[in-house]
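Notes to accompany the following structure.
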Amino acid sequence: MNASPAGIRPADLLSPTIAALISVLVNYGGTFVLVFQAAELARLSPAQTASWVWAVSIGVGITGALLSWRYKAPIITAWSTPGVAFLATVMPYTPYGEVIGAYVLSALGFIALGLSGAFDKLVRMIPGGIAAGLLAGILLQFGVNAFGGASADPLLVIVLVVSYALLKRFTSRFAVVGILAIGLGLLIGQGRIDFSAVHLSLASPVFEMPRFSLQALLGVALPLFIITLTGQYMPGMLVLRNDGYQTSANPILTVTGLGSLVMAPFGAHAFNVAAITAAICTGRDAHEDPAKRYIAGLACGVFYILVGTFGVTLAALFMVLPKAFITTLAGLALLGAIGGSLANAMADARTRETALITFLATAANVTLLGVGGAFWGLVAGLTAHLLIHGGQRSLAANPAKP
């Protein structure tokens, strides 16, 4: 899947670029508010908060674009969302310099793991049905939320769903593009988007000298490393595998680790391969030709760098959009990924039950010991697989083909 693509035509640019725009929009409009909440709890100054936004946006943009270009695959990178949620609980009680030092140590851990090659071997051992079940379980809530918003904003949700169905019938390739335009048009027509409070200004990074302590190593760096590895890297790599991309996890870990290391003194906590928002860019809706979907990775990089250049001011622009619009748009954009992963999970009768266990356990989203549902869903599926099949090599499924 990583072979060089055929020549790119102008017509090849629209779908992956729109997929990238939606991916970025969902990232900022969905969970980025956690960054501002964590910064507020840690009593960071406005300049330090703006530097955090600058660092994660620029770092994610550069690493994602470089990896996508080098391996000609839609390698979408992101900041660690579960990592931010964790940091909100420890930053108020940890000196900021030591938090930065913990970021540095965590980044060094990812670099070392990437250079060792151990993580890639682990990912490739996971049966395809279980990988697909994990992905379906992660994405399920986004599909459900696409329709759940109807209770709070029925007109918007109904218009988006009906428009999506009609566009799928007449111009399937541009269905997601269409609902993005229709939804924005409806919101603007209703006067529900107020851009007057958004004033663009260039971001100014603020350097913070890292400080190291045993407390920050054990209380911040180690949990951040584990949460990001299990909650982001593992499902993110399986998203790529599920859509047929065989890029090694080693360079992804190494490059994102290096990016995290460079940007850590400016406030960036951790970069990783994306999972949920990556699925928007790795499937058929991004481009019919899998070899041209890497354009979405390049476009994501450009959008992230653009947001990072303007820091908080442009990031705030995404957050003025109604929550129902973000959740419905994300859910509809992910329908293909949800359907494809469910089909792949159920395709092999021999592993169907263990894939179903993985799917249900992941969808339950149980958090234990501070580790999220994706990891425990994978543990449940692999445990069931070993108990039922005894680790038979014949059941190690091949990656699904897009």
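Note: Cβ is positioned from N, Cα and C throughout, glycine not excepted.
Since this is a predicted model, take the numbers as computed values, not measurements.
Quick look at what TrEMBL annotates:
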- 18-39: transmembrane segment (TRANSMEM)
- 51-69: transmembrane segment (TRANSMEM)
- 76-94: transmembrane segment (TRANSMEM)
- 100-119: transmembrane segment (TRANSMEM)
- 126-144: transmembrane segment (TRANSMEM)
- 174-193: transmembrane segment (TRANSMEM)
- 213-231: transmembrane segment (TRANSMEM)
- 294-318: transmembrane segment (TRANSMEM)
- 324-343: transmembrane segment (TRANSMEM)
- 355-379: transmembrane segment (TRANSMEM)
Q. If you count Cβ pairs under 8 Å, which stretch among 76-94, 100-119, 294-318, 355-379 touches the transmembrane segment (18-39) the most?
A. 294-318
**Q.** Among 126-144, 174-193, 294-318, 355-379, stretch most in contact with the transmembrane segment (213-231) (C-beta, under 8 angstroms)
**A.** 355-379
Q) Quick one: do the transmembrane segment (355-379) and the transmembrane segment (100-119) have at least 3 Cβ pairs under 8 Å, skipping pairs fewer than 6 apart in sequence? A) no
Q: Select the range from 126-144, 174-193, 294-318 that forms the most Cβ-Cβ pairs under 8 Å with the transmembrane segment (76-94).
A: 294-318
Q.
With Cβ-Cβ distances below 8 Å as the criterion, list the same-chain residues six or more beyond the ends of the transmembrane segment (126-144) that contact it, or say none.
A. 235, 238-239, 241-242, 275-276, 279, 327, 330-331, 334-335, 337-338, 341-342, 344-348, 351-352, 354-363, 365, 373-374, 377-378, 381-382, 385, 395-400
(Q) If we skip the immediate neighbours and take only residues 6+ beyond the ends of the transmembrane segment (51-69), which ones have a Cβ under 8 Å from one of its Cβ atoms? (A) 35, 39, 44, 75-79, 203-206, 247, 251-252, 255-256, 258-260, 262-264, 266-269, 271, 294, 296-298, 300-309, 311-312, 315
